[in-house]
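J.: Quick paste of what Swiss-Prot says about this protein:
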- 1-162: region 'Disordered' (REGION)
- 1-18: compositional bias 'Basic and acidic residues' (COMPBIAS)
- 24-33: compositional bias 'Low complexity' (COMPBIAS)
- 57-69: compositional bias 'Polar residues' (COMPBIAS)
- 92-121: compositional bias 'Low complexity' (COMPBIAS)
- 127-136: compositional bias 'Polar residues' (COMPBIAS)
- 144-162: compositional bias 'Polar residues' (COMPBIAS)
- 185-233: region 'Disordered' (REGION)
- 185-203: compositional bias 'Basic residues' (COMPBIAS)
- 206-220: compositional bias 'Low complexity' (COMPBIAS)
- 221-233: compositional bias 'Polar residues' (COMPBIAS)
- 249-565: domain 'Protein kinase' (DOMAIN)
- LEU255, GLY256, SER257, GLY258, ASN259, SER260, GLY261, SER262, VAL263, LYS278: ATP binding site (BINDING)
- ASP374: active site, proton acceptor (ACT_SITE)
- THR408: phosphothreonine (MOD_RES)
- 473-499: region 'Disordered' (REGION)
Amino acid sequence: MTRTTRIDTQEATKHKDLPPVPSPLSLSSNPNPECLMESKSLGRKNFKKLSLDASPVKSTSGSLRSSDMMSIKEPTSLRQKRQRPPPILHLPTASSSATSTPTSNITGSSSASSIQFAQKSPGSGVIVSQTLSRPSSAGGIPSSGYSSLNVNQSNRNVDPDNVVSTDMILNQISNLDLTSMNHHRQHYQNSHHHLPTTNRKRQTVISSISPTKSSAASSSLEPQIQSLPASSQSPIATTSSLKLNNKDLLTLKQLGSGNSGSVSKILHIPTQKTMAKKIIHIDSKSVIQTQIIRELRILHECHSPYIIEFYGACLNNNNTIVICMEYCNCGSLDKILPLCENKQFPTFVLKKLSFAILSGLTYLYTTHKIIHRDIKPNNVLMTHKGEFKLCDFGVSRELTNSLAMADTFVGTSMYMSPERIQGLDYGVKSDVWSTGLMLIELASGVPVWSEDDNNNDDDEDDEDDAYVRQGSIAAERNGQNSPSRSRKNKQKGNGYNSYNGPEGILDLLQRIVNEDAPTLTNKINPVTKLPYDKYLCQFIDLCLIKDDSVRKTPWQLLEDKEHFFKGVEEGVYDKEHKSWAKKIRKCKV
């Protein structure tokens, strides 16, 4: 108790205006209320007596007025009496014209100059009303460069976490056009134009040509090749199925090579997918560059079970383009023919093959307005499942709506149609002619135009005769040796080719134009000693009509379901065909 009295005395000395703390009173068992109040009031003279009795009956001696009671219960506060104006936030606007815009866009009335909205405080649940006001120029008040945000009385009930920025309020609630911020931002960018900017590095994608864009609207093909970056390995342009990178491609073996490039079997390491990589050497000639881009474009846009699937392409710094495509493990038809029994394709295989080629040609022309222009055994591949696919669109030409015919002179001469040789306009029917010639070669095992029909020629001229030279190739395929071939190999080495030289090509072209079309009708198979299939001969004759106006289109030939193509779509020959394809696959291994 002594310690408490000492502390109270020290506190009292700090406040000189207060009287000293009186000593505690010893209260009896029944203390007097008046004495108790006197001790609690510290003996102050200005203390107003209060009654401790809670009963409604008041004593006559200690009665208080109602005004005194109210003053005690609700003490006055200077904060409540103070009349301070609401805070005004000055906000810059776009211009004087922007501030003088009528506010009818906000409230729906031309005389309205403020917006009221309610905001609920998540903590206390109190609804706080706020006012957004703008000085109106319609009432004669000159418009200033500021708008005012008026918050009623005080903002102490607003949750700070729920406060929205002024720009957002003006933009979302009052829909004001804050063009000043865009103006200041543009001014800042103009004034800081010397700051360094990061430019995104442009990558050239060779094959990502949108199929929806017309070729007329796109730029020319030649400048695209010339603008290719001279990097060591440009990124591979891929489809959506695979993400290719040149470092992820592992070469397994070489499949073949030609004048324009080579083909090899590769492995995509991340997916363990086997692919075929075609390397094309870029020539400085714009014609070669156009052919490369055309092949990439066609491969990228074609999606058909009868067309080889395209995975992507890349450009190397050694003037080569790498194309990754689907790998067909059985190879091309010219490699499959020597593996067949009797070096001839069975009739059921020829039916499946013809259906696949005509379906692929129909898809190319009807969907992309494309003619292949180079149908031959080298450009038809087969998988181990017996699926036939068209490839090598290097000399194909994409036709536009205004150009339905092509007038160029390219392709393999042996499979060219008469209208192409004569320099006439040709279309998709030219591929039908090439298909018929290829079927004769696969069915008989002997290349077309190889038989020497001019038996009256002298033997001394057989070395210079193109027919005899072609017959030497036929003898080679049958396992025989030809003296003319041995002499030619001594002169030209392994690069011996039939109809080599201007005279040979001229003889071949003259035969295609002047002689009757080749046929298997009424001919005997030299191996089986039996006539060829009747429907096969009829189908080949329809393909080899010399008058292209009478010759049928691929889709017209596919309509014949009762003769040559009977049972093909129904899968009558599927089991036998797959068994044959497996045998070919085993022979390839």
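Just so it is clear, glycine is given a Cβ too, placed from its N, Cα and C backbone atoms.
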J.: Could you state the whole-number distance in Å separating the C-alpha atoms of LEU255 (ATP binding site) and ASP374 (active site, proton acceptor)?
T.: 20
J.: By the count of other Cβ atoms within 10 Å, pick out the sparsest of the binding-site residues LEU255, VAL263.
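T.: Each of the binding-site residues LEU255, VAL263 was scored by Cβ atoms within 10 Å; lowest is LEU255.
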J.: Can you tell me how many other Cβ atoms are located within 10 Å of the Cβ belonging to SER257 (ATP binding site)?
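T.: For SER257 (ATP binding site), the count of other Cβ atoms within 10 Å is 11.
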J.: Return the count of C-beta atoms lying within 10 angstroms of the C-beta of GLY261 (ATP binding site), excluding that atom itself.
T.: 19
J.: To the nearest Å, how far is the Cα of SER257 (ATP binding site) from the Cα of ASP374 (active site, proton acceptor)?
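T.: Checking the Cα atoms of SER257 (ATP binding site) and ASP374 (active site, proton acceptor) gives a distance of 18 Å.
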J.: On the 0 to 100 scale, where does the mean pLDDT of the domain 'Protein kinase' (249-565) fall?
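T.: Across the domain 'Protein kinase' (249-565), the average pLDDT comes out at 78.
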J.: If one measures from the C-alpha of GLY261 (ATP binding site) to the C-alpha of ASP374 (active site, proton acceptor), what distance in angstrom results, rounded to a whole number?
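T.: Approximately 17 Å lies between the Cα of GLY261 (ATP binding site) and that of ASP374 (active site, proton acceptor).
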J.: Tell me the Cα distance separating ASP374 (active site, proton acceptor) from VAL263 (ATP binding site), rounded to the nearest angstrom.
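T.: Checking the Cα atoms of VAL263 (ATP binding site) and ASP374 (active site, proton acceptor) gives a distance of 18 Å.
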